[in-house]
């Protein structure tokens with residue numbers, strides 16, 4: 001119970017801190033530190049241990065009926081004070097560990113997606129305006145900005161001098177804008193998958209536990225055997241689903257994992273330094289007029 005609760009509270013804490021870092025980046029820099037992360041981790045474990053105290057209080061062992069030829073067996077089970085206490089407990093778990101965290105995560109990731117979508121629209125609008133300005137600049141060959149005319153050879157000379165730097169700068173801007181758009185779309189897809197995975201993995205288990213609390217015989221007949229085993233397996237899969245999602249959908253997470261694993265391996269041959277000219281934004285001044 002504590003491990004399940006820690007997993008859920010950690011997902012909620014990650015969602016809230018992501019919301020603060022993306023939607024309020026300047027304010028979040030002041031308090032999102034390593035010590036803050038340590039306090040949040042300690043708080044999730046302490047809160048989970050307190051929440052699961054009823055399991056430690058009301059758990060006991062009972063003898064399991066067995067043939068006389070076999071040694072006696074005992075099974076760990078929950079000895080609740082009454083049926084109403086059992087029902088209240090599972091409804092409480094449904095609210096605290098599933099419904100409220102799911103709503104908080106969906107709201108936080110929804111606001112993050114809206115903020116990123118606004119950024120995508122802004123990037124697309126900026127790119128469109130830049131293209132329109134380039135088209136307008138190409139149209140009048142020999143006209144100056146104030147309505148006067150300059151000599152055509154001088155205009156061609158100025159255009160030739162700025163051609164190399166302008167082309168290099170425009171390529172750098174286009175590549176940077178396209179990379180930002182792709183990264184934002186990837187983050188939005190990853191957030192949607194995380195929320196969907198949470199509901200898919202945990203909804204069957206909490207629904208089954210609540211059903212067994214209110215209708216134990218009907219739930220036992222419908223869920224015994226393969227169904228309840230699959231439901232538990234699905235909930236356990238949630239523990240390993242998020243790292244896989246991050247690894248496949250987040251290049252920075254994937255690079256960090258590879259970097260962490262590389263510390264345990266012998267270093268390879270040193271890589272040649274990258275040429276400065278490969279970076280379009282590195283030295284634009286020497287190309288500009």
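Cβ coordinates come from backbone N, Cα and C, glycine included.
Note that TrEMBL annotation is computational and uncurated.
Marked as compositional bias 'Polar residues' by TrEMBL: 278-289.
Per TrEMBL, domain 'G-protein coupled receptors family 1 profile' is recorded for 1-246. In the predicted model, the domain 'G-protein coupled receptors family 1 profile' (1-246) shows an average pLDDT of 80.
Summarising the annotation, TrEMBL assigns region 'Disordered' to 270-289.
With a threshold of 8 Å between CB atoms, the same-chain residues lying at least 6 positions outside the transmembrane segment (37-57) that come near it are 1-2, 5-6, 9-10, 13, 17, 78, 89, 96. Taken from TrEMBL, the feature transmembrane segment applies to 37-57 (among others).
Under the heading transmembrane segment, TrEMBL lists 88-112 (among others).
Sequence-distant contacts of the transmembrane segment (187-208) (same chain, six or more residues past either end, CB-CB distance under 8 Å): 8, 11, 90, 93-94, 97-98, 101-102, 105-106, 109, 112-113, 116-117, 219, 223, 228, 231-232, 234-235, 237-238, 241-242, 245-246, 249-250. The transmembrane segment annotation in TrEMBL covers 187-208 (among others).
Under the heading transmembrane segment, TrEMBL lists 228-248 (among others).
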